[in-house]
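Q: Take this structure, written in structure tokens, and hold onto it; I'll ask about it next.
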Amino acid sequence: MEHIYKHKKKIIYLGILPAFLLYLGFVIIPIFISARYSLVEWNGFSPPSFVGLENYAEMFGNNIFWRSLKNNMVVVLASVLGQVPIGFLLALLVNQKIKGRHFFRTIIFMPVVISAVIISLVWSMVYNYNFGLLNNILSFVGLESWVQNWLSNPDIAMFSVAAVIIWQFVGLYFIIFLAALQTVPDEILEAAKIDGAQGWKRTLYITIPLVKDSILAAIVLCISGSLKTFALIYVMTNGGPSHATEVMAIHMYDNTFNGMKFGYGSAVSIFIVVFGIVLVTIVRKLFAKFEN
Amino acid sequence: MINKKNSLIIFIVLIVGILFTSSVMAQETVELEMWHAWTGQDAFASEVLLPKIEEFQKQNPNIKLKIQVIPNDSYRTKLRTQAAGGQIPDIMQTYPGSEVQPLVEAGLLMDLEGIIDYWTDDLIPRDSLSAYTFNDKVYAIPAKVNYTHFAFYNKDMLKEVGYTVWPETYKEFKVMADKLKAKNIVPISLGNKAKWVLQSIYISTIGDRLTGIDYLEDVLAGERKFTDPAFIKALDVIKELADEGYFNKDANSLNDMEMRQAFYQKRAAIFFGGAWDIGGVIETAKEENMNVGIATFPQIEGEVAPKALSGVTGSAFSIRSGLSEAQKEAAIKFLKFFYSEETYVDLLRTGSFVPAKVDLPADISPQFQEVINLVNEHQIGPVYDAVLPINLIQTINNGLQSLTTGEMTSEELAQQMQDNL
Amino acid sequence: MNNKIKKIDKFKKIATYAILIFFALINIYPIFWMVMNSFKTENQISINSFSLPESFMLSNYTKAWNAVSLGRSFMNSFIVAGISVLITVAIGSLAAYFISRFEFPGKKLIYSFFIFGLLVPIHGTLVPIFILMRNIGLVNTRVSLILPYVAFNLPLTIFILSSFMKSLPKAVEEAAIVDGAGYLRIFWSIILPMSRPALATVGILNFVYNWNEFSFALVLINDNKLMTLPLSLSLFSGQFSTDYGMQMAGLSMALVPIIAIYLLMEDQLVKGMSAGAVKG
């Protein structure tokens, strides 16, 4: 078998080439240019001046940057621990032959496509301190003490925002898992049923190992997506109050385009990429270990 | 019958014809790329500025304006990205002070000294151009003055707690606010999610009054400091408003629309806004049968500049440097047409203040006349974000949020600003 | 015994529906709210955005459509988003096929290289890409959007497709190779049909991303005639006031094509291997 493959190496490389070139030209080269900017001080208008690693030094000495990193980790954890299991559960549920599965499949995906503007407006109202749905429900069931200033209290605002992010992107993992579940032949599930492997056991021992590649893919996507998260928080809280919900991408955007510090902003971009590589590598190593 | 030879001749004739006409056209038509942020929701833009641009194009068929409208929120991102790539439009809207300064410093804008006499001082006093003046050269001409501080209050709600007139002093104001609170009415509706509200609307006027209107310039020149007790006192006023619970509790997560909504829904008795809110408030009050009064912040003890009112010129156009002679001529022609006496009078009719000396038209609304009278009692002071450098704007915007959430004291914020100077 | 199983089954059924209906409700509400407000006047929205509209007045829709030439933007978005999706899925699936089904030198490196792209924040590349486009003279063309859209979607596309293709049984194509079928034929007539669920997934995700993309469109397009939908929709907010009624109407209209595309693809999403060219 192997020798056939070897003969046609050329075809393999040729097949990958178009994707490789486009990706190189419009993702890799720009981020390398950005890496170069991270070594200069530049307001975007006047000529840049070389400052070496000063932007990185400034970044690591900046409390707000560290806070944005911490906030970002809240999003990463909430997403990995929230979106992946919920997405998987929902995919399992609608993969059954139940009534209305068409409808559910569509509606579960919807938040992914709704504009961040609308999501932010609606959830701000749910979280509203005075007449928001959430506080109303809490009061109604007698949990007044749980009533919170969900978005204005800097101690909890990040968690309130993270909850919305979970909700918004569950649909994305949902369809990835739904697709993956189609590779599990019905016969296997049926056979397990006859053998008496019931419910969650069947899921745990048979289904999950069969779709483990997709689960790893989902986790990696989750981490990378969370590290870049921007739009929803930007419109929902603008990173406030007082940096309480500022994540790295907002820190970068704010410094680049509002603060006109292109060098500093680029340094943050580069950090996001490097930090992401580290996280993803750790997860993949853990996963490989787990498999053995 | 068309053979090869014939078609070749036809082809050549065509090409020559096209080249000829286009070269003639090129001599006559000047193309100018123009960017502005007037999307048409605000009356001053939809009723005056945008029609003016259209009129200019009709009157000057040989000047072709290629217009790009970019919403305010994204305007900076687009301008700064393209400028970083070495490209800016021929005529562009520019924002006052530290926003336009880097463009000037990079030599991207044409100074208007050669033509400024057309406006100064008969129509526009030179003083009104200060936000666009660098090294004694003017780089843009503004259409409006945006006063950034007005108090809008519900007269009926104030009456409920025994106030038929707006309190004279801050002390009295606090007594009134306490009474409102006792009646379960939120005294002041605030929406500070976008962070500029407490800065532009509140601290600018309060600060100007307590520190004097030259304070910011003095600080930037190193003659005074942000740790000056007068400035700390101004910050303390905002902190007090927050600590005493005069704002709605979720002030930092509402936008300015939600802020006005709470006022219209009678969930709050007062909101502080800018001149841009006047038209909407008057209109909504009429439709909803609300009794709305307009005032400014009551007098605070120890004011250096009583009756200071923060305001800044805006809606200005700049011209790119390095235009061809023909383009330059066309661009100047546009500016002269656009910033005309007629424009300023029309702007007054839509309830906007203008930086020009023009007579009030007879047909302006009585409500706006009242506001004009109010403004005339005041002296204009600087708006913080039109004077401070960008990093300090960010510091104070975020700092004021921290002040209201109790994460920072006034002294700490003042110190931080001084450090970042 | 039998009874007990029946009871468990019934409980499971109720629980399933309870969970699904719960999600359905919170997912529908934002859309419902948006559509409701699109029928109201500016004043009605500012006074109460929770109430039902007094009538189904369509003036926000017609106004929004005309005010910012939404028809033209719809067309532009269709062209840009559609072409980008086709190119991404075509070249991405080919790359994913070779990466997931073959061993060759440098495979791991190439794969990691593509995954790296998942981590690149797009705002960090705005200035470099603008300069790049300017140097090759593409600023203010549709191509200037298609290129970064394709490039930025490739990592996700290759990632999802290759992890899916990896899980397909090896036996199928081995048999085909013995039959003497070429790589591309195996790709076209065996792997692609079997990967339909994953293709549908990436097709949907790419389309959603391209349809909503704002930043590249903002900085790379200077001509009103080429504006995509998100740019036009942003024109409903001014410096001091936003026309919420028109904005909601515009956003509601913008949602329709994307839901249509989803419904179209959704069928493929669950047409698993059993419905594919090869069974078992």
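Every residue gets a Cβ built from N, Cα and C, even glycine.
Heads up, here are the entries from TrEMBL:
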- C:74-265: domain 'ABC transmembrane type-1' (DOMAIN)
- C:14-36: transmembrane segment (TRANSMEM)
- C:78-99: transmembrane segment (TRANSMEM)
- C:111-133: transmembrane segment (TRANSMEM)
- C:145-165: transmembrane segment (TRANSMEM)
- C:186-209: transmembrane segment (TRANSMEM)
- C:244-264: transmembrane segment (TRANSMEM)
Q: Which of C:14-36, C:78-99, C:186-209, C:244-264 shares the most C-beta pairs under 8 angstroms with the transmembrane segment (C:111-133)?
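A: Out of the listed stretches, C:78-99 contacts the transmembrane segment (C:111-133) most.
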Q: Against which stretches of its own chain does the transmembrane segment (C:244-264) lie, if we need a Cβ under 8 Å and a gap of at least six residues from its ends?
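A: Residues packing against the transmembrane segment (C:244-264) from afar: 31, 34-35, 37-38, 40-42, 45-46, 49, 60-61, 63-65, 67-68, 70, 74, 78, 204, 207-208, 211, 229, 232-233, 236-237.
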Q: Quick one: find which recorded stretch in C:14-36, C:145-165, C:186-209 has the most Cβ pairs under 8 Å with the transmembrane segment (C:78-99).
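A: Counting Cβ pairs under 8 Å, the winner is C:145-165.
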Q: Using a Cβ-Cβ cut-off of under 8 Å, list the residues of the same chain that are 6+ residues beyond the ends of the transmembrane segment (C:186-209) and lie near it.
A: 81-82, 84-85, 88-89, 92-94, 97, 101, 149, 152-153, 156-157, 160-161, 164-165, 168, 172-173, 176-177, 258, 261-262, 265-266, 268-273, 276-278
